[in-house]
Amino acid sequence: MVSSSLTTTGYAWSTLSALTAAIAAFGFYMPYWLKGELTLHQQTIPAYFNSFRRCNYPGAIQPTSYESFRQVIITKCGRYATFDDIPTLWWKITTIVVGIGASLTIFTAIITLSACCTRDVITRTTARIIGIFQILAAMFICVGCLMYPLGWGNKEAKEACGRQAGPYSLGDNK
C-alpha cells in the first residue's frame, strides 16, 4: 500500500497540479495560437504560429542547381532555426516568460505527485512554497499571453493575417 500523509484535498491538489502542468506544457508547445492564411500561386493554405513554432510558412527552394530559387509554402510544422529567427522581440519575450511558467507548473506537479507516494513531502511550509510557485507560474503564463499579441505586427503575421494586422489587431482575420 502507498504510504502518504496527504488528505483527500491534497490528492485533488496533486491531480489538478499534474493536469495543469500537462495543459501548460501542451499549450506552450503547440503552434496554434494564431491562425492565418498564406496564398501563393492561387493556392491558399492555413498558417499557424505560436511564439517559437510555426506551421505552413513561406520559404524558398532551388529545384536544381541550374534553376533559380522560387518561393513555396513549406507545409510542415517546426521551430524557428535559432532564437534570433523569432520574428519579433515580443514573441521572444513570450517564449521565455511562458516557458518559465510552464516549467514551474511541471516542477510543482512533480513535487505534488511524489507526495502521493511518499510520507511527509508536503508539510505546511512546503505547501505554501509550492502554492507560491503555482501563483508565479500562473502570472508568468498570463503575462506571456498578454505580450504575445504585441508581436502581431511582424512580417510573418501580416503575411498570414493581412496588412492591417498589428498589436491586438488580427487584420483580415476574424
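Note: Cβ is positioned from N, Cα and C throughout, glycine not excepted.
Quick caveat, the model's predicted, so the values are computed rather than measured.
If you look at the transmembrane segment (12-34), the same-chain residues 6 or more away from its ends with a CB under 8 A from one of its CBs are 6, 48-51, 53-55, 77, 98-99, 101-102, 105-106, 108-109, 112-113, 115-116, 134, 137, 141, 148, 152, 157, 160-161, 170. Feature annotation from TrEMBL assigns transmembrane segment to 12-34 (among others).
Outside the transmembrane segment (89-117) by six or more residues, the chain places 2-6, 10-11, 13-14, 17-18, 20-22, 24-25, 27-28, 51-52, 83, 126, 130, 133-134, 136-141, 143-145, 147-148, 150-151, 154 with a CB less than 8 A from a CB of the stretch. The transmembrane segment feature in TrEMBL is assigned to 89-117 (among others).
Taken from TrEMBL, the feature transmembrane segment applies to 129-150 (among others).
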